[in-house]
Amino acid sequence: MTRNTSFDGKSRTFSRNIYGTTKGQIRLRVLTRDLAEWLPVSSRPLRILDAGGGFGPVSQRLAAEGHHVVLCDLSAEMLNEAREQIAEKGLSAHFDFIHGPIQSLTVADLGQFDLVLCHAVLEWVEDQASLLAGLNALLKPGGHLSLMYYNRDGLLYHSLVKGNFDYVHANLVRKRRQKLTPGWPCRPVKVDGWLSELGFVITGRSGVRVFHDYMSNVHGPFPTEEEMIEMELAHSRTEPFMHLGRYMHIFAHKAL
């Protein structure tokens, strides 16, 4: 059986530790910039699947542009929070909600989508190749996949920089699972291979938090949050920094 991770009981901690911090704002700004630049302009509202979308921070912005979103998540708490946020913004008519695993979604029930968002989900799922195959089936020919995942190469580099050599020698496996530490971080070369096998063409790539997590002993005044975000955006697509991101964002096109 495929193992997934639910954030029931952790939604407030997740919100505070991720979206209530500079690193969460970096994530949102990179994703929203990338989608604004890479998603082709459409003359009609798009059907969007936000797979494992949690609160739906990115899909809420797309819904505000007039698109329709199906938001699926394994956590009832996350979906309740999403409903509240979406209602407060007057966007409820643009959303449908599904409580359950992504793997339960079928084309027979939902049809196919123009855009599939899968952000910070892959690293919480054991059978990652099967998950991507399922998302591919739900995507229309000519559609696009926005995939952000926890970068194992970035995790290794961070561990080396911080001197966590025992962790490195343990092949990045902790003796005790930490609540908000993904169990299955992904190597970009492996993810690229899976996408290629499914017939995707990668048209965009960005690193997320390419230097933020490596900063220490800053000389002079510490940068403001906005200065940090602007510098992250400036280097997120630049070699070699892009590949050191704690997360990778991939934008891929499904062939007709």
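Residue 1 is the first one shown; counting continues down the chain.
Note: Cβ is positioned from N, Cα and C throughout, glycine not excepted.
Record features, source TrEMBL:
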type: BINDING; residues: R27, G52, G53, D73, H119; note: S-adenosyl-L-methionine binding site
type: DOMAIN; residues: 49-146; note: domain 'Methyltransferase type 11'
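Locations of recorded TrEMBL features on the structure.
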{"residue": "R27", "record": "S-adenosyl-L-methionine binding site", "Cβ neighbours (10 Å)": "24"}
{"residue": "G52", "record": "S-adenosyl-L-methionine binding site", "Cβ neighbours (10 Å)": "25"}
{"residue": "G53", "record": "S-adenosyl-L-methionine binding site", "Cβ neighbours (10 Å)": "27"}
{"residue": "D73", "record": "S-adenosyl-L-methionine binding site", "Cβ neighbours (10 Å)": "27"}
{"residue": "H119", "record": "S-adenosyl-L-methionine binding site", "Cβ neighbours (10 Å)": "24"}
Mean per-residue pLDDT computed across the domain 'Methyltransferase type 11' (49-146):
97
Using DSSP and collapsing to three states, where does D73 (S-adenosyl-L-methionine binding site) fall: helix, strand or coil?
strand
Within the domain 'Methyltransferase type 11' (49-146), residues counted as helix, strand or coil by DSSP:
44 helix, 29 strand, 25 coil
Which value in Å gives the longest Cα to Cα span across the S-adenosyl-L-methionine site residues R27, G52, G53, D73, H119 as recorded?
19
